[in-house]
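Asker: Let me give you the structure first, and then I'll get to my questions.
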Amino acid sequence: MVPFLRILGIETSCDETAAAVVERDAEGHSNVLSDVVLSQLDEHSAYGGVVPEIAARAHVEALDELIEEALKRANVSLGDVDAIAATSGPGLIGGLLVGLMTGKAIARAAGKPLYAVNHLEGHALTARLTDGLTFPYLMLLVSGGHTQLILVRGVGQYERWGTTIDDALGEAFDKTAKLLGLSYPGGPAVERMARDGNPDRFNFPRPLVGEARLDFSFSGLKTAVRQAAQDIAPLSDQDVADICASFQKAISRTLKDRIGRGLQRFKTEFPAASEKPALVVAGGVAANLELRGTLQALCDKNGFRFIAPPLHLCTDNAVMIAWAGLERMAAGAAPDALDVQPRSRWPLDSNAERLVGFGKRGAKA
Ligand code: KG4
Ligand code: ZN
């Protein structure tokens, strides 16, 4: 029997405190032994967004117990894990400090190696845990802090093909919801309202559509929504529903164009990929059924598999951090030194140029 490597993962980069124990053998078989997540949603909702100081304090208060709970549910003690993996960026610096320092302390006390994991790498590699994907594949990360199309070539080998030049997609949903008087987080509220709306009532802009570059832009869309809402104020429920439906339609069209070009580029760069190539989606916006439908149809049309891991592994969690650590161990990567520092900004692709406005809202993922 091939021995399993077992790792404790810790995630604190934004507003979820999470710990998990995961194991993997040399052939890539895995077991998720525990997966504990504590969302801070209630603490932040009154402010309409994540408040960094509140987040950091909440991580401090919850993390120790959460780690104990993860070990207990996995039925292991610290002595039974081979390594510790903690998110060390990108994200809100206070939260990163809490998680990484805790990881270091445990690693030191238990005499285990530490892997300081890039949160985005966790998102990027999750589909190998859930679906056993082989490299290369494309990953679309759409969350409150990021909108990126990434080529995943291998462990530690990432190329950013596109990113937002202003707002992240989840941020566009949240801001739109706020200006329409809907609740936070805005994505689910906008999606709910859109169901009863007329998507053709407003013709919202689709920035960058038709351009060869694979970047995204959503701030113009948000401005157009504000303008439309002001023009017809006061808004009836039907007006709000129509705006939401038209907003989602504009986003669907935008994604279709941008990602469609990405799929074509992938086919050009990897013509010999024997298997059906894959597009993976991750991040909270991946919960949106209309956008999922758009991506699924686009993949079907282009001969791609559309992979959407279960939602709790698409949004922030510690399983993906543990898994990224395991993948690095399996690839023979050396652990990090215990003086490794958290990095609020940490692009996966260090060669990618920084675009104007990219990485706002604390560059959370
Ligand atoms: O990945 P995530 O849970 O957290 C981080 O951003 O780190 O993503 C949260 C984002 C929020 O902006 C939220 O409004 C959006 O995902 N979201 C959605 C939906 N559910 C969550 N956006 C559109 N439609 C949804 N159903
Ligand atoms: Zn994330």
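Note that Cβ sites are derived from N, Cα and C of the backbone, with glycine treated the same way.
Take a look at what TrEMBL says about it:
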DOMAIN    31-323  domain 'Gcp-like'
BINDING   HIS119, HIS123, ASP316  Fe cation binding site
BINDING   LEU141, VAL142, SER143, GLY144, GLY145, ASP174, GLY187, GLU191, ASN288  substrate binding site
Asker: CB neighbours of SER143 (substrate binding site) within 10 A?
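Answerer: Total other Cβ atoms inside 10 Å, all chains included: 25.
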Asker: So which binding-site residues out of SER143, GLY145, GLY187, ASN288, ASP316 are up against ligand 2, CB under 6 A?
Answerer: SER143, ASP316
Asker: With the Cβ under 6 Å from ligand 1 as the test, give me the qualifying entries from the binding-site residues HIS119, HIS123, GLY187, ASN288, ASP316.
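Answerer: Cβ < 6 Å from ligand 1, in sequence order: GLY187, ASN288, ASP316.
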Asker: Inside 10 Å of the Cβ of GLY187 (substrate binding site), count up the other Cβ atoms and send me the figure.
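Answerer: Cβ-Cβ neighbours of GLY187 (substrate binding site) within 10 Å number 25.
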Asker: Considering Cα atoms only, can you say which of HIS119, HIS123, ASP316 is the nearest neighbour of GLY187 (substrate binding site) among these binding-site residues?
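Answerer: Comparing Cα positions, the closest of these binding-site residues turns out to be ASP316.
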Asker: Would you mind sorting out which of LEU141, GLY145, ASN288 (the binding-site residues) have a C-alpha within 10 A of the one on HIS123 (Fe cation binding site)?
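Answerer: Within 10 Å of HIS123 (Fe cation binding site): LEU141.
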Asker: Look up LEU141 (substrate binding site) in the DSSP assignment and reduce it to helix, strand or coil.
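Answerer: In the DSSP reduction, LEU141 (substrate binding site) maps to strand.
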Asker: Work out how many Å separate GLY145 (substrate binding site) and HIS119 (Fe cation binding site) at their Cα atoms, rounded off.
Answerer: 12
Asker: Going by DSSP, is ASN288 (substrate binding site) sitting in a helix, a strand, or coil?
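Answerer: Coil, per DSSP.
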Asker: Count the Cβ atoms, other than its own, that fall within 10 Å of the Cβ of HIS123 (Fe cation binding site), considering every protein chain shown.
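Answerer: That number is 32.
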Asker: Pop the Cα-Cα gap between ASP316 (Fe cation binding site) and SER143 (substrate binding site) into the table, whole Å please.
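Answerer: Cα-Cα, rounded: 9 Å.
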Asker: Here are the binding-site residues: GLY145, ASP316. Which has the lowest count of other Cβ atoms within 10 Å?
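Answerer: Among the binding-site residues GLY145, ASP316, the sparsest Cβ neighbourhood within 10 Å belongs to GLY145.
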Asker: Indicate whether ASP316 (Fe cation binding site) is helix, strand or coil by DSSP.
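Answerer: The residue in question, ASP316 (Fe cation binding site), is coil (DSSP, three-state).
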